[in-house]
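Here's what TrEMBL has on this protein:
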| type | residues | note |
| --- | --- | --- |
| REGION | 20-200 | region 'Large ATPase domain (RuvB-L)' |
| BINDING | Leu39, Arg40, Gly81, Lys84, Thr85, Thr86, Glu147, Asp148, Phe149, Arg190, Tyr200, Arg237 | ATP binding site |
| DOMAIN | 70-201 | domain 'AAA+ ATPase' |
| BINDING | Arg329, Arg334 | DNA binding site |
Amino acid sequence: MRCSAPLCSTSVVVAVAEHEDHLLAAEADELDRAAEAALRPRRLDEFIGQPVVRDQLSLVLDAANARSKPPDHVLLAGPPGLGKTTLAMIIAGEVGGSLKITSGPAVQHAGDLAAILSSVQEQDVLFIDEIHRLARPAEEMLYLAMEDFRVDVVVGKGPGATAIPLTLPPFTVVGATTRSGLLPAPLRDRFGFTAHMDFYSEAELELVLTRSARLLGAELQPEAATQIASRARGTPRIANRLLRRVQDWAQVRGTGALDLDAAMAALDVFEVDRRGLDRLDRAVLRALCERFGGGPTGLTTVAVAVGEEPETVETVAEPFLVREGLMVRTPRGRVATAAAFSHLGLTPPTSPGMLWE
Ligand SMILES: Nc1ncnc2c1ncn2[C@@H]1O[C@H](COP(=O)(O)OP(=O)(O)OP(=O)(O)O)[C@@H](O)[C@H]1O
Ligand SMILES: [Mg+2]
């Protein structure tokens, strides 16, 4: 049934409102997934930044190519939104096989993995996202498949069950994880190469943004790219998301040009400040600096002061504040640094012990 116009526009508003809340989250939401496919680099030489990973990967791929063999299994480790899925697709493209995609949470039984593995052809790339969330029996099956290119398919149940060995063609597993520390050592050891993805520099994000704008059919002015890049938390996904908001502003309230005015105004509307902090981040810092003299203050107290759940403060706001050196977690509580005071335009307290330098 076709929905009526008012209902449709309400649902759009709700979707946008939910999205705004997560403007600076590194994790992808539905809108990102829809927009990202068109922006992913398809070849290694189009992939911006991560020079060390690119260099290592191109060596691994070229060597495999020279030997006419599939490359070693590759583990891509790093925070969300830095390009792990993009690299997995690039690897499949460079190897020339087809890409099969699954994820740790999707493979709950060894049988699920056996079904995927039995359809793998020579030179294929099997991409397992969130590989740290694989169920244990599937993980054990994967060890064997990665090392010996073999799986034992169990037929039947109980004492009459028999394992039928199935030989697999040479293929490559590409695993991605945001939590490499959770990966059991035997699984980690079966990857011939681990790529550690790092946050992007502002200059690299400017290149990502300029490229994305071009693919979206727009021209991003360099000053606007600089502004967006400096607030994107070192993460291409966030940079691309901010670019879409700047485009919205330019189209609806500006001249259509992606210039400095549009960038500044859009970032202002969405309350993203010059260091990439949003409203909640600033509220946490303000509470710490203004109400509690810089801390140390317990997480629950900070959360009550900003009207949020402790878990939200801990998982949404704190990681970036700590990474930026604006806040420190100590055994006695949260402490604002001198940088936090100066970011808020406040004078740091002078009494020793109040402030974590
Ligand atoms: N090096 C890069 N150059 C250009 N664009 C990039 C680069 N890395 C990532 N991107 C863009 O950022 C977006 C997010 O990247 P991707 O989905 O690969 O991240 P991810 O590491 O897999 O994230 P997650 O951990 O959430 O799965 C993609 O749309 C891609 O266009
Ligand atoms: Mg991904």
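Backbone N, Cα and C define each Cβ position, glycine as well.
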Arg329 (DNA binding site) to Thr85 (ATP binding site): how many Å between their Cα atoms?
32
Please list the binding-site residues from Leu39, Thr85, Glu147, Tyr200, Arg334 whose Cβ falls under 6 Å of any atom in ligand 2.
Thr85
Kindly report the helix/strand/coil residue split of the domain 'AAA+ ATPase' (70-201) according to DSSP, in that order.
50 helix, 36 strand, 46 coil
CB within-chain contacts under 8 A for Tyr200 (ATP binding site), separation at least 6:
Ile48, Gly49, Gln50, Leu82, Val208, Gly234, Thr235, Pro236
Arg334 (DNA binding site) and Phe149 (ATP binding site), distance between Cα atoms, whole Å:
50
Between C-alpha atoms, which of these binding-site residues comes nearest to Arg334 (DNA binding site): Gly81, Thr85, Glu147?
Gly81
For a quick check of understanding: among the binding-site residues Arg329, Arg334, which residue's Cβ has the most other Cβ atoms within 10 Å?
Arg334
Sparsest-packed among the binding-site residues, when each Cβ's other Cβ atoms within 10 Å are tallied, from Leu39, Gly81, Thr85, Glu147, Phe149:
Glu147
For ligand 1, list the binding-site residues among Leu39, Gly81, Phe149, Arg329, Arg334 whose CB atom is within a distance below 6 Å of it, in sequence order.
Leu39, Gly81
Grab the ATP binding residues from the record (Leu39, Arg40, Gly81, Lys84, Thr85, Thr86, Glu147, Asp148, Phe149, Arg190, Tyr200, Arg237) and give me their largest CA-CA distance in Å.
37
Which value does the mean pLDDT take for the domain 'AAA+ ATPase' (70-201) in this predicted structure?
91
In the three-state scheme derived from DSSP, which category covers Arg329 (DNA binding site)?
strand
